[in-house]
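The block underneath contains the structure these notes are about, expressed in structure tokens.
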């Protein structure tokens with residue numbers, strides 16, 4: 001009897017040695033959460049893959065949800081066969097039916113992977129045998145090409161036998177939560193949502209912190225950033241969205257510090273506030289969308305001065321990326337169109353005409369002596385808002 005399943009192949013999880021079981025268990029949990037709205041008849045693991053049985057009519061939607069789970073290399077609709085040559089022959093005929101395009105000659109190659117080495121005949125004998133079965137029935141539409149075929153027909157012989165042809169690419173990476181927690185400084189721009197996506201791909205559970213300067217920034221600008229957080233949560237899962245009004249800090253800097261120091265000093269305040277929130281919520285690291293040289297504060301000297309105010313690691317996944325590369329990812333994950341909506345954020349509203357690009361820590365600290373740092377940080381945190389974004 002032939003049954004349709006979805007097979008899920010894990011990526012780096014297979015390299016995790018003794019921790020592999022823990023990583024796979026976490027990934028499977030995320031997959032089942034992602035497809036919980038669908039009727040799943042059964043699921044099980046077999047030698048490095050997860051197999052899911054569901055209604056074939058739901059396959060496209062189920063696969064679309066599974067693709068968004070990090071830790072997966074590819075997904076394949078497959079036919080489960082009995083471990084006999086006859087059943088495999090039926091399996092390859094069933095799987096190729098959907099690949100044949102009438103009136104267009106296509107080429108294929110059979111690729112047998114015999115995990116169970118006790119099974120006979122061996123792969124070099126099975127490949128032409130199964131290929132011959134296909135040619136006998138569909139020789140008018142397909143032919144064999146072992147060097148450059150239009151598609152492969154894969155046959156995995158394990159405890160059971162599975163036949164498939166499509167390998168639908170997943171995002172790879174590691175399952176969410178397997179690499180700790182991070183607090184993303186989320187602006188309204190293109191970069192920070194991409195940074196969130198990339199860190200989530202590495203297994204980091206991401207929460208978001210947004211700084212605004214209402215009423216100098218608009219409510220519509222805030223709603224834009226909240227929408228970005230919701231779009232990011234499609235990949236990261238549930239997000240705690242912290243909103244902080246940084247206006248008291250900007251006013252104090254404007255009154256007491258040199259204008260050209262505005263950007264670097266305000267960034268240091270952002271890191272101080274972010275560190276407080278992270279420590280109070282057991283978050284392991286801070287995340288930014290900074291890219292080296294992209295704006296005035298994103299120089300090596302600027303990054304060094306910003307780092308000085310926190311003992312937490314600051315993860316910068318975009319630090320060596322070109323803007324075109326960042327935009328490409330933003331388009332792919334669906335955040336680009338929201339990011340380019342024309343609303344200003346606090347960084348653009350209070351940008352000095354000639355910001356310092358190579359700040360020295362001594363000069364910055366001397367300017368900060370004119371500020372009551374702890375009082376300003378506390379004032380911002382006291383007025384913080386928290387929005388829980390849930391999938």
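Placed from the backbone N, Cα and C atoms, the Cβ positions cover glycine too.
Each residue in the domain 'THUMP' (60-167) has a pLDDT score, and their mean in this model is 93. The domain 'THUMP' annotation in Swiss-Prot covers 60-167 and rests on sequence analysis.
The annotation ATP binding site is assigned in Swiss-Prot to 185, 186, 210, 211, 267, 289, 298. Packing around residue 267 (ATP binding site) is summarised by its Cβ count: 23 other Cβ atoms lie within 10 angstroms of its Cβ, all protein chains included.
Spanning the listed ATP site, residues 185, 186, 210, 211, 267, 289, 298 have a farthest Cα to Cα distance of 18 Å. Neighbour list (residue 210 (ATP binding site), Cβ cut-off 8 Å, at least 6 residues apart, same chain): 185, 186, 187, 222, 225, 226, 229, 241, 242, 243, 244.
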